[in-house]
Amino acid sequence: MLIGNRAFSIFCMLLYALFYSLLVVCVRYVPQYSLFSKLVFRYLFPCIIFIFVFTRNKNIFLGKCEDRMFLIIRSVVCNVAIFLLFYSMTLLSPTDSTALYLTFPIFVSILGVTLLKEKLKFYKLISYIFSFIGVIFIFRPNIDIDHYPFLIGILSAFLFAISYVLIGYSNKGRDIDSFTFLFYLSFIGLFMLLPFFFIWNIDVVNLNDILWLMLIGALAALSQLFVTISYKIGNSSEVSIFSYFSLIFSMIFSIPILGIYPDIYSYLGVSFILLGGIIIYLKGKK
C-alpha cells in the first residue's frame, strides 16, 4: 500500500469514528422524537445525495443484473441491523451502545468459521474472549436493570456480522463496487420504512430540533462514506483498530452534550473490548 493511501485510509477511519460517535449522541439528544422519525431523517439525507449523483453515473449504483438480488438481500439484513442499532441508541448510553456494536467482529469470526470454513487463529480467539468479557461488564449481570436494550444491541451486532460475511461471500466471483452497496442500503432502508407510515406518524418537528434530526442523516451519510473509503483503499486488518476510537469519542461527547458519565462497568467493558481490538491489530501486522 502506498504511504499516502495508508495515511489517508487511517484518516478516513478516524473521521468515521468521529462522525459515528456524534451520530449516537445526536440520536440520544432528541428523546422527544420517535425512533421512526429519527430513522426517516437518517435515510432521507443519503438518498437525496445518491439521487443527485445517480443522474451522473447510473451503472455504478445499479450494479449488474445478476448481482441485484444478492444486493437486495444483503441490504435488508443490514437495514434491520440499523433499525435495531438505532433502537438500542435511544435506550442505552452512547458508550454502551457503541461498545456493543463493536462486538460484531466476534460474530463475523464465528460465521466465517462455520459458513465460509475460515480458520480461527489463536490470537483472534484470545481477542474475542477479551471482547466477550467486556460485553459482560457492560451487561452488568449482577445489577437489577433492564437487560432488554443490551440484547437488542447484541442482536444488531450479530445482523451486522451477517451482512459483512455476505460481503465476503460476494467477493468470490463477484465484482461489486462499495458505493453500489451504499446505494441499495439507503433506498431499500427508506422503502422498508414505508409500511410504518400507516402505523406511526412523523413527529411535528420544531425549528430548534430540526437541525439535530438533519444532522443525524448527514452524520450517517458521512460515516458510511468514510468507512467505505477507508476499507476500499486501506488494509482492513490495519485500519479497523482505528474504528475503536468511536468508543473514546462517545465517552468524550456524551459528558458535555448529554450529561452522561460512564460508570466503572462501562470503563471496564470498553477497556476489554479495546484490548481485544489492539491484539488483532498488533498480530495482524505480522
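Using N, Cα and C of the backbone, Cβ positions are placed for all residues, glycine too.
No curator has checked TrEMBL annotations; they are predicted automatically.
According to TrEMBL, the protein has these features:
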- 9-139: domain 'EamA' (DOMAIN)
- 151-281: domain 'EamA' (DOMAIN)
- 7-30: transmembrane segment (TRANSMEM)
- 36-57: transmembrane segment (TRANSMEM)
- 69-87: transmembrane segment (TRANSMEM)
- 99-116: transmembrane segment (TRANSMEM)
- 125-143: transmembrane segment (TRANSMEM)
- 149-167: transmembrane segment (TRANSMEM)
- 179-198: transmembrane segment (TRANSMEM)
- 210-229: transmembrane segment (TRANSMEM)
- 241-258: transmembrane segment (TRANSMEM)
- 264-282: transmembrane segment (TRANSMEM)
Any residues 6+ beyond the ends of the transmembrane segment (179-198) with a Cβ under 8 Å from its own?
36, 39-40, 43-44, 46-47, 50, 54, 60-63, 67, 71-72, 74-76, 78-79, 82-83, 167, 224-225, 228
Could you count the residues of the domain 'EamA' (9-139) that DSSP puts in helix, in strand and in coil?
111 helix, 0 strand, 20 coil
Any chance you could find the range in 36-57, 99-116, 241-258, 264-282 with the most Cβ pairs under 8 Å to the transmembrane segment (69-87)?
36-57
Residues from the same chain, set at least six apart from the ends of the transmembrane segment (210-229), whose C-beta lies under 8 A from its own:
9, 12-13, 15-16, 19-20, 22-23, 26-27, 29-30, 33, 37-38, 41-46, 49, 178-179, 181-182, 185, 243
Restricting to the same chain and to residues at least six past its boundaries, which positions have a Cβ under 8 Å from a Cβ of the transmembrane segment (149-167)?
70, 73-74, 77-78, 80-82, 84-85, 87-88, 91-92, 96-97, 100-108, 110-112, 115-116, 135, 138-139, 181
